[in-house]
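As written in TrEMBL, here are the features:
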BINDING   ASN10, TRP11, LYS12, GLY173, SER212  substrate binding site
ACT_SITE  HIS96  active site, electrophile
ACT_SITE  GLU167  active site, proton acceptor
Amino acid sequence: MDKKPIIFANWKMYKTVEESVRDSLKIDSSIRNPHQVEVFILLSYTSIYAVSQALRGKSVKVGAQNVFWEDSGSYTGEVSPLQLKDAGCEYAMVGHAERREIFGEDYGMIARKFKAVMRHGLIPILCVGESEQERASGKTEEVIRNQLEVAFGGTVPPGGQFYILYEPVWAIGTGVTPTPQEANHINLLVAEVIRGLIGKSAERARILYGGSVSEENISKFLSMDHIDGVGIGKASLDPENFARLVNACIRD
Ligand code: PEP
């Protein structure tokens, strides 16, 4: 399995089409030795097609921040994995904490999305992570275990890789993070739980960390044995800053 560090940007509900194209190209051209890293950007739906066209043949790839589980139908306002693939996506995130908290997505829905994305040959990024309250009451491991059990319930479609993002809710956009050792410990737990649930297919998993990753801490998180990559929100919005973070992980 390819073990390049994975670094992705989550641009959330920011940037017009023009800004997304401009900033994606800026990032792509600023990365030194791009073959050493896997870099992709999760865009708003409206920018996906234009950015994927602009990045054709380049190293930075494109993904979506959300997806629906059906292929087509009367689901006003939703976007299917087929449509994402058609627009040039290679990745789709499912279950981000903001989707769970603001839009009421539960793990049953997230499980359907996770499997639909895999069925269509896109790489899903499944988010797991505990809230501040759950952490304070010592429930982190129980919460992560439950989230994974629901997401992997039933059968997992055959195929390629899937990414799990450990993203504690209390670390998102706050500047507060677990220590790299704490995140590493949870990522190891994720690996063990998945192995228990799906056996050998767990080899398809790459396990990442997200939540207030910055220039100061990115190399520390990526130096951990069980952290295969990082997801970056706020610090990815400025393309020069994001490229600097990526370059910090590249050997000359
Ligand atoms: C995110 O919300 O996916 C994220 C990683 O955000 P931030 O880096 O801003 O904590």
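Positions of Cβ are set from backbone N, Cα and C atoms, glycine also.
All TrEMBL annotations are machine predictions without curation.
Because the structure is a prediction, the values reported are computed rather than measured.
Positions of TrEMBL features highlighted on the structure.
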residue : record                       : DSSP class
ASN10   : substrate binding site       : strand
HIS96   : active site, electrophile    : coil
GLU167  : active site, proton acceptor : coil
GLY173  : substrate binding site       : coil
SER212  : substrate binding site       : coil
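Reported as a whole number, the C-alpha separation between ASN10 (substrate binding site) and GLU167 (active site, proton acceptor) equals 13 Å. Checked against ligand 1, the binding-site residues TRP11, LYS12, GLY173, SER212 give GLY173, SER212 in sequence order as having a Cβ less than 6 Å away from one of its atoms.
Geometry remark: GLY173 (substrate binding site) versus the residue listed as 'active site, proton acceptor', CA distance 11 Å. Each residue contributes its Cα atom, and for LYS12 (substrate binding site) and the residue listed as 'active site, proton acceptor' these two points are 15 Å apart. Here GLU167 (active site, proton acceptor) is positioned 16 angstrom away from TRP11 (substrate binding site), judged by their C-alpha atoms.
Counting only same-chain residues six or more apart in sequence, the Cβ atoms lying under 8 angstroms from the Cβ of SER212 (substrate binding site) belong to ALA171, ILE172, GLY173, THR174, GLY175, VAL176, THR177, LYS234. Counted within 10 Å of its Cβ, the other Cβ atoms near GLY173 (substrate binding site) come to 12, all protein chains included. Taking Cβ-Cβ distances under 8 Å and a sequence separation of 6 or more, the neighbours of HIS96 (active site, electrophile) in its chain are ASN10, GLN65, ASN66, CYS127, GLU167. The binding residues for substrate are recorded as ASN10, TRP11, LYS12, GLY173, SER212; their greatest pairwise CA distance is 14 Å.
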